[in-house]
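J.: So TrEMBL lists these for the protein:
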- A:6-22: transmembrane segment (TRANSMEM)
- A:31-48: transmembrane segment (TRANSMEM)
- A:68-96: transmembrane segment (TRANSMEM)
- A:108-126: transmembrane segment (TRANSMEM)
- A:127-416: domain 'NADH:quinone oxidoreductase/Mrp antiporter transmembrane' (DOMAIN)
- A:132-151: transmembrane segment (TRANSMEM)
- A:163-183: transmembrane segment (TRANSMEM)
- A:240-263: transmembrane segment (TRANSMEM)
- A:299-327: transmembrane segment (TRANSMEM)
- A:333-355: transmembrane segment (TRANSMEM)
- A:367-383: transmembrane segment (TRANSMEM)
- A:403-426: transmembrane segment (TRANSMEM)
- A:447-465: transmembrane segment (TRANSMEM)
């Protein structure tokens, strides 16, 4: 029993509710939000430390033993993602102070931001399939509010699609859960893992596994990404940044959890399918990224490419593949937040998202320009920066698993990603300066702080990859060996 | 010309009393019989909605000066804080406890902390339901 495990879920939740009580006092909301996020991050780091020294931490909510009650489990994989999510959330939260506007602040922007974090953290920590569904909904309903908040025409149009897609995928999730419960008679993840292993993953269970794959692919934009480019272009910058940094990652996390803990018995069917979906996602996403001349669209398609690359590591299902996936997942959470914040700042400065309408921003905004350059290189995976470690391990994993085509597609799309972001850099930042400071629609004065914070992080993560290697390898061992997880949930208690 | 709805008013005055009693019964029945915080809260919300239908919004707000958005937040906070309470007794989050008390009129009664959680749920449900109805009716 360790009550620390539940804190990353309830700290944002309680502080969000206190914000609703004091809805008129915006200053208090800002401070409370920062304090809540900081303490969540602190708890997540403490958890990381505890997991390293004492193994996976878990808590049986309400004191009911494992398969009967809800278990909340913090393994290293979840703890790492919690820390990454906290870092990017803090940056986006501070960024929104200066950009979101008084009107949205009055209509519960900050509380919903924290409820979104509640859902994200809860999805990472839960050890129960139905509870995962509930936390998905907590996250999604907050995201519905954040995407529509403000009520401009574009937002309403895109949010309608977004809500429709997610309602359908949630419905499918529920149906999949019903099938799974009908077959195995349990919903606790550790217990499910045991039951599936005992029964053998026959055709029926594999079918259910693929249904889960479809559900999580809809959330994670793995091949079924048709809803994403529009939805991520509509909301305000801070919201788009937190969405692209966290929402698809929660879907990816769920895919990893389900296919390493529960349905790992038929990799020649499920994992190969994941690999094919990942490859198609990378190719289609990269084509989208180089096709457009609209900053928002280019960045949105970059989100899709990285989803394909991360699941390629899972498709390989070797030590290096998973190691690379986790490194890349952490890197991707930070870099997507960063690049969306910079993109949004550029759009705020120039008043347009079309690349052909402005150029030469680097003359007036050298810091912003070079930070964009660094994040573009990091996104493509140039060696000293954070994207490199993940990409190299994923490629190594796919080669070890003799999925050469997958590794090759990963490499090829990296080039296309580099081209797409360099296109923004060369067209937007280089060239004749056609806009003086007076003509600009906004300023980078204070928003540069959160951007710089994330840039420093991506550099640090690149140079300090060795430093977090111990933690990441513990996470990989946990993913490769489900018995560690099961033991942490059941302990010495009898398993029914 | 405004129709005379004295019949509706009179029936509402009696019916609200009955429905309110029923909703409180539903709320407390939850532990051993069908009922509980959600349905109890929804029934209470239906009382408020019936009042809104029979009388106009201003009148009801005058005699029932409740901030329903605040009520939602306080309800959820109450529900979560009953869970947090278990931290102080070194028990897992959301642990509940109960005991038997000798109360003046009712005699021996079982009181559980789960009731506090349910009160939170009921407040959240009432607040949400009424806020939805009010927002729809106030939009032009």
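Even glycines carry a Cβ here, placed using N, Cα and C.
Here the structure is a predicted model, which means the values were calculated and not measured.
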J.: Looking at A:6-22, A:68-96, A:132-151, which one has the highest count of Cβ pairs under 8 angstroms to the transmembrane segment (A:240-263)?
T.: A:68-96
J.: May I ask for the residues of the chain that lie six or more residues beyond the transmembrane segment (A:299-327) and have a Cβ under 8 Å from a Cβ within it?
T.: 77, 80, 220-222, 225, 228-229, 232-233, 244, 248, 252, 255-256, 259-260, 264, 267, 271-272, 274-275, 277-286, 288-289, 291-292, 336, 339-340, 343, 379, 389-398, 400-401, 403, 406-407, 409-410, 413, 416-417, 420-421, 465, 472-473, 475-476, 479-480
J.: Counting Cβ pairs closer than 8 Å, which of A:31-48, A:163-183, A:333-355, A:447-465 has the most of them with the transmembrane segment (A:108-126)?
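T.: Per the Cβ count, the answer is A:31-48.
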J.: Do any residues of this chain, six or more beyond the ends of the transmembrane segment (A:367-383), have a C-beta under 8 angstroms from a C-beta of it, and if so which?
T.: 302, 331, 335, 338-339, 342, 345-346, 361, 390-392, 414-415, 417-418, 421-422, 424-425, 429, 444, 448, 451-452, 454-455, 458-459, 462
J.: Of the listed stretches (A:6-22, A:68-96, A:163-183, A:333-355), which one yields the highest count of Cβ-Cβ distances below 8 Å with the transmembrane segment (A:447-465)?
T.: A:333-355
J.: Using a cut-off of under 8 Å between C-beta atoms, tell me which stretch among A:68-96, A:163-183, A:333-355 contacts the transmembrane segment (A:132-151) the most.
T.: A:163-183
J.: Counting only CB pairs under 8 A, let me know which of A:6-22, A:68-96, A:163-183, A:403-426 has the most with the transmembrane segment (A:31-48).
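T.: The stretch with the most close Cβ contacts to the transmembrane segment (A:31-48) is A:68-96.
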J.: Please figure out which one of A:6-22, A:68-96, A:163-183, A:403-426 racks up the most CB pairs under 8 Å against the transmembrane segment (A:333-355).
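T.: Checked against A:6-22, A:68-96, A:163-183, A:403-426; highest Cβ contact count belongs to A:68-96.
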